[in-house]
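Student: Structure in C-alpha cells, see below.
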Amino acid sequence: MVCARHQPGGLCLLLLLLCQFMEDRSAQAGNCWLRQAKNGRCQVLYKTELSKEECCSTGRLSTSWTEEDVNDNTLFKWMIFNGGAPNCIPCKETCENVDCGPGKKCRMNKKNKPRCVCAPDCSNITWKGPVCGLDGKTYRNECALLKARCKEQPELEVQYQGKCKKTCRDVFCPGSSTCVVDQTNNAYCVTCNRICPEPSSSEQYLCGNDGVTYSSACHLRKATCLLGRSIGLAYEGKCIKAKSCEDIQCGGGKKCLWDSKVGRGRCSLCDELCPDSKSDEPVCASDNATYASECAMKEAACSSGVLLEVKHSGSCNSISEETEEEEEEEDQDYSFPISSILEW
C-alpha cells in the first residue's frame, strides 16, 4: 500500500495497521473444536480465531477444526440446531503423533479412522488368577480389571487377590488395610491409618447407623476400620433425635426405614426390583419371618417402612449351631452401603 502525499501521516499509519490486523486475522481465522461427531460435524467449541496449526498442536485425537470465520450467532445455531459445525476437518487422519494417554493406544478402526482404545500394560503382572475390585466385582485377572478402569471406572483398583468373598476368612488385604464385611456379607479391604482432614462445611457431616455424628465420610471409614466391623451410613447430616421417619429427610431416591430395635431411622434404597430366580436362598429376617430371598426381605421392609435385617440364611425354623454363632456376630454388626466406605 502506497500512501498519497496529500494524505495525513496519522491516517496513513492507521490504514497500515488496519491492513496488518486483517492479514493476521485472516491467517488465524478458524474455530477449534474438541471432537468430530458421528454425523461428521464439529462439536464442543474450544476456541475461536485459531489457525489449524495452533488448534491441532495439542496432539489430541478428537480435536477438529473449521475454516469459516463466523459470528457468535452462527456458531450458536450450528451447536444448538444443526448438530455441530459443517465442513469439519479432523486434526488427525492417522495414528502418527497421537497421544491417547496412559493405558490407551491409537489404532485404525474398520472405517480407517484413528481411535484410542484401551490397551493397559499387563506385562509386569505376576498374579494371573482372579482379583476382587473395589467395586465388589470379581475380574478374571488384573488385566481385565485394568481394561474396565480404562473404559469407565478411573478409580477402580484391585483390593485383594482371588474372587470377591462373603467373609473375611482367606482374605489377605495388602499393606496396612483391614478386611471389613458389609451388610450384604461382602468382604472389603479398607485403610485405617489415613489422616482425615477437618470438614470445610457442615454438608460433610454424616450420621452413622450407631447414632454417632461423623465429621466426614473419611472419619466414618476410619471409625469402621478401627472398630473392625461395619458401622454404615444412616443419613447425611448430623444425627438428630428423631421420633419417627417423618423427622428424617432422605436424599438420592432413598426412603427412611425405622429401626424399632434401637429407635432410629435409616435411609435405604428402595428401587431394587427382585428377579424371578429359583436359585436364591431363603433368609430368616429380624422379624422372625422367612423370605424367599434377601431381595424379597428388602422389598417387604420398603413396603412397610420398618427396617429388616438378615438373621441367618435359610428358613427361620432351621437354625444350626453354626448359624447361631454367625447370628451373635451379626447382631453386633451395623449394616452399611459400600458407598459409605469406599466411594465417598
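Heads up, the Cβ atoms here are built off N, Cα and C, so glycines get one too.
Computed from a predicted structure; not experimentally measured.
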Student: Could you check which of 255-284, 315-344 is flagged in Swiss-Prot as region 'Disordered'?
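Tutor: Swiss-Prot lists region 'Disordered' for residues 315-344.
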Student: The disulfide recorded in Swiss-Prot for Cys192 goes to which of Cys150, Cys225, Cys239?
Tutor: Cys225
Student: Can you look up which of Cys106, Cys116, Cys118 is joined to Cys95 by a disulfide in Swiss-Prot?
Tutor: Cys106
Student: Of Cys189, Cys196, Cys207, Cys295, which cysteine does Swiss-Prot list as the disulfide partner of Cys239?
Tutor: Cys207
Student: Does DSSP give Cys106 (disulfide bond) helix, strand or coil?
Tutor: strand
Student: Rounded to a whole angstrom, what is the C-alpha distance between Cys245 (disulfide bond) and Cys106 (disulfide bond)?
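Tutor: Checking the Cα atoms of Cys245 (disulfide bond) and Cys106 (disulfide bond) gives a distance of 54 Å.
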Student: Do any of Cys32, Cys256, Cys270 (disulfide-bonded residues) have a CA within 10 A of Cys42 (disulfide bond), and if so which?
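Tutor: So the list is Cys32.
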Student: Helix, strand or coil at Cys218 (disulfide bond), per DSSP?
Tutor: helix
Student: Which of the three DSSP-derived classes (helix, strand, coil) applies to Cys150 (disulfide bond)?
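Tutor: Looking at the DSSP assignment, Cys150 (disulfide bond) belongs to a helix.
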